[in-house]
Amino acid sequence: MAANSSSSSSSAVKMASDGLWQGENPLDFALPLLAVQIAVILAVTQGLALALRPLRQPKVVAEILGGILLGPSALGRWGAFRRTIFPEWSAAALDTVSGLGLLLFLLLVGLELDFHAVRRVGPRSVAVAAAGIVPPFLAAPGLVPLLRLAVPPAPGHHAAAFLPLCVFLGAALSVTALPVLACILKELGLLGMPFGETAMAAAAVNDVFAWALLALALAVSGGGGPRATPLAPVYILASGAAFVAFMLCALHPLMARLARRAGPDRADALASSGAVVACALLAGAATDAIGVHPVFGAFVFGLSMPREGGLAERAGEKVAPLVSGLMLPLYFATSGLHTNVDTVRGAVAWGMVALVVAVAFLGKFGGTFAVAALTGMARREAAALGVAMSAKGLVELIVLNIGKERKVLDDTTFAIFVIMALTTTVLATPFMTALYRSTPTATTPESDGTELKGGDACPA
């Protein structure tokens, strides 16, 4: 049955057509339409990436911009384009595929997170990370009342509860994108410098806090269903903690023992992409049942994979090409497709955009600059570090998308924070370039030993 009407249910949509010769339009059927959508998204985002390369912009900027251009803010205004390429009935399939890509990327993040590197970071990196997280996070409760005044709920819609909104906005304001930062530092030739090592180590610590904030946001935003009990968030937190404990304290030693018994020759079977992906999907299903997003389960499973004998590294190498080349760009572009800049209307709303950008940038910059300068870093390098830590990316979009799924963020708030993420990331490279026009100095005395893996350079 053709699906050219938005009123058709997704369950009634056939997978493939019988062909043009039999009078059927392939774009009225699920699989050929999804193939065309993915091809269009990749073509637009890759073209933008090439156009932005002279400006040294990270790939994530092109991918989000591509989604916004294809979405309701630009080409989506053209009714024929929207109905033909991105009809409403096809949204579930595209979102599911991009969500699967996100889940697999979080598996990679867990597989590649180096606990030893995080433990080796010096006190300066920990202090810089904390200084970049605390001020913007604490600014969120002050932003919420202003946001509600500037962007009141639409008629018939209820405002989100104060605590979940504060946690989601605080997490979105305070995170730093480690892959984006790595890309910027690589472009400027700073990865091998002591400055680059300190920045990467601080961003790695920030990443650990970011995932903890995301888990907290997922817990406090639960319990809103019609059958939920008032203690649902407590149950979610307790169940999530039990899941993490089981994965790290029971499953991790078991897999390490199996890997040792199998030996290096047979360990490849344990690290096969099929087995690892299947386990990550099951872990995601388990955390979804708990009330936490499936991506958290995949991330924790990645953490639980043994590092001994290169098991986690081999598993990551097998999954990475598909995720970084196809699935992750699709997720970023889909986030852009869901962003409708037209919902930000009027001087007050755009003033709120400017305020959010200022809080996100100045909160990160001010705290980072102050602590870096107080610990002996040259002012110019401290300023550059503050700019670098303000770059946003994957974690920011994960927080925003989950907040939108949980009905904590409405369309306008979501658009405001996507604009903020784009603005702070776009500004990071030219500001860093301006600060490092001459040969950078190596005044940073602390070397944290954090290395960038080859696949992490500029994936997002």
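Backbone N, Cα and C atoms are what each Cβ position is placed from, and that goes for glycine too.
The transmembrane segment feature in TrEMBL is assigned to 29-53, 60-80, 92-113, 125-147, 159-185, 197-220, 232-255, 267-284, 349-375, 414-436. According to TrEMBL, the domain 'Cation/H+ exchanger transmembrane' annotation covers 43-431. As annotated by TrEMBL, region 'Disordered' applies to 440-460.
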**Item:** Region pair the transmembrane segment (197-220) / the transmembrane segment (125-147), three or more CB pairs under 8 Å
**Value:** yes
**Item:** Candidates 60-80, 125-147, 349-375, 414-436; stretch with most C-beta pairs under 8 Å toward the transmembrane segment (159-185)
**Value:** 125-147
**Item:** Tertiary contacts of the transmembrane segment (414-436) (same chain, 6+ residues out, Cβ under 8 Å)
**Value:** 55-58, 60-61, 64-65, 68, 147, 151, 169, 172, 177, 180, 184, 187-188, 190, 335-336, 338-341, 343-344, 349, 352-353, 356-357, 360-361, 380, 383-384, 387-388, 390-393, 396-397, 400, 403-404
**Asked** For the transmembrane segment (349-375), what are the same-chain contacts with Cβ under 8 Å, counting residues 6+ beyond its ends?
**Response** 124, 127-128, 130-136, 139, 143, 146-147, 150-151, 173-174, 176, 202, 381-383, 385-387, 389-390, 392, 412, 416-417, 419-420, 423-424, 427
**Message:** Using Cβ atoms and a strict cutoff of less than 8 Å, what residues sit near the transmembrane segment (92-113) while being 6 or more residues removed from its termini?
**Reply:** 10, 30, 34, 37-38, 86, 207-208, 276-277, 280-281, 284, 294-296, 298-305, 312-313, 315-316, 319-320, 322-324, 326-328, 330-331, 333-334, 337, 394, 398, 453, 455-456
